[in-house]
Amino acid sequence: MGVRIYNTATRQVEEFVTYVPKLARGYVCGITPYDHVHVGHGRVYVFFDMFRRYLEARGYEVRLVINFTDIDDKIINKAREEFGHDAYKRWKEVPERYIAEFFEMSNKLFIKPAHAYPRVTENVNEMVAWISTLVEKGYAYVAPDGSVYFEVGKVPNYGVLSRQKIEELIAGARVEPEPGKKNPLDFALWKSWTPGEPWWNSPWCPGRPGWHLECVVMSTKYLGAPFDFHGGGADLIFPHHENEIAIAKAYYGLDNFAKYWIHVGYLTVRGEKMSKSLGNVITLREVLSKYSGEALRLAYAMSHYRKPMEFSFELLDQAEEMVKTLYTAYDELSQAVADASDEDKEKLEYGKYIESFYAALEDDFSTPQAAQQLYGLARYIISTVLHRIDKASRQTAIDVLTQYVKMADILGVLERREIPKEVEEVIKAVVEARARLRREKMYQLADYLRERLAGIGVELHDFGQRTYYTYKRR
């Protein structure tokens with residue numbers, strides 16, 4: 001069975017077929033770096049990291065691009081709050097600070113680096129060129145103050161992504177009217193300069209690009225058009241992604257410049273949508289100072305990506321315990337592989353977990369079911385495989401371990417499994433010495449070594465004459 005994913009553009013779960021076989025080109029809208037990254041951001045980027053890992057496991061090359069909107073009203077306002085009259089000179093410090101935090105938190109969440117992280121400020125010339133083309137084609141117009149607006153009414157089927165009609169949007173007063181606009185729904189491609197704000201030159205006036213244009217220009221610059229998938233949070237469907245489609249349709253003549261539109265649901269805290277206005281925003285720094293990145297990844301995985309996720313620290317406690325179980329299974333099986341025999345005396349029934357894991361991901365990326373199967377396999381390893389390892393061939397044991405690691409790698413939840421080689425050699429030597437002491441019935445000294453190892457995070461598990469160890473990662 002092939003990969004199947006929900007496409008917001010068609011409102012259907014569709015088979016994922018890329019334009020170029022085994023090459024998946026994707027763009028995910030990045031942060032506007034004016035404040036701390038929060039767990040809502042984390043959910044989006046962890047999902048697309050898992051999706052990427054899964055595609056790579058299926059043999060795809062994945063080219064992923066994530067942008068930074070490093071100039072925006074929110075950044076300017078933040079700079080004014082912090083620097084006052086010096087904001088014009090020091091505004092760049094704001095995005096630099098929070099972009100650095102984004103990368104720091106991404107590392108702690110074991111998110112694989114994207115292939116490019118374009119910034120708006122590095123692509124202004126390309127954006128000016130796009131606007132000039134749109135004006136020439138008659139899809140954009142220059143307002144009296146030099147701002148340039150996209151004329152929504154010139155594009156057929158505007159609202160196709162969000163399934164809304166222009167008349168209904170106007171009647172619902174979804175967009176604030178501005179001087180110089182022909183239509184309240186028209187949006188800025190170029191914003192005229194306001195004294196005290198950063199600006200760039202253009203044929204119309206000093207100013208800066210509009211948000212919706214920025215993502216179209218950067219995505220197609222790095223991926224071409226059309227490309228395979230475009231993603232972000234569900235809150236971006238309208239107006240941001242809707243307006244991107246309109247711009248690309250006018251520029252390229254394409255009905256859709258991305259084949260699949262993939263959106264991640266929002267987070268709730270105590271039943272309310274997480275937002276600054278409600279004061280219930282939880283930052284990634286706060287969470288990752290108390291919990292492992294793998295626990296947060298697993299907590300995200302326990303909710304289907306398209307559904308709202310109720311976030312709680314109780315959920316993280318549960319996820320952290322599950323991560324410990326996953327590591328225990330990995331560590332104990334890794335140690336036990338060496339003791340397996342050379343021939344099968346008994347079959348190990350582990351295939352159902354693997355089949356169900358991949359079947360879940362093939363069906364609109366159901367990570368709750370996939371996580372359940374991975375955890376089920378971990379428990380099976382601990383309760384069954386280790387106690388019957390002498391009856392299974394070494395190759396069977398290796399196969400179990402290999403498949404287990406592949407599954408965990410897709411969800412990104414065994415990322416700290418490697419122990420430094422020097423440390424591992426010392427641990428093995430002490431474990432072997434303790435085993436000799438036990439054989440010679442020098443139990444008091446053997447117990448002393450067990451206690452000393454426990455003090456550095458190494459737990460010993462005795463199965464008859466065999467001893468395995470697990471390493472508690474810090």
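A Cβ is built for glycine as well, from the same backbone N, Cα and C atoms used for every other residue.
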From the ranges 31-41, 284-294, 361-371, pick the one that Swiss-Prot records as motif ''HIGH' region'.
31-41
Taking 133-137, 273-277, 413-417 as the choices, which stretch does Swiss-Prot tie to motif ''KMSKS' region'?
273-277
Which residues, same chain and not among Cys29, Cys215, His240, Glu244, have a CB within 8 angstroms of the centroid of the CB atoms at the recorded Zn(2+) site?
Trp211, His212, Glu214, Val216, Ser219, His230, Gly232, Leu236, His241, Asn243
Cβ-Cβ under 8 Å from Cys215 (Zn(2+) binding site), same chain, 6 or more residues apart: which ones?
Tyr27, Cys29, Asn67, His240, Glu244
Look up Lys276 (ATP binding site) in the DSSP assignment and report helix, strand or coil.
coil
Could you break down the residues of the motif ''HIGH' region' (31-41) into DSSP helix, strand and coil, giving a count for each?
3 helix, 1 strand, 7 coil
Could you please provide the mean pLDDT value for the motif ''HIGH' region' (31-41)?
96
Mind giving me a neighbour count for Lys276 (ATP binding site)? Other Cβ atoms within 10 Å of its Cβ, every protein chain shown.
9
Can you tell me the three-state DSSP label for Cys29 (Zn(2+) binding site)?
coil
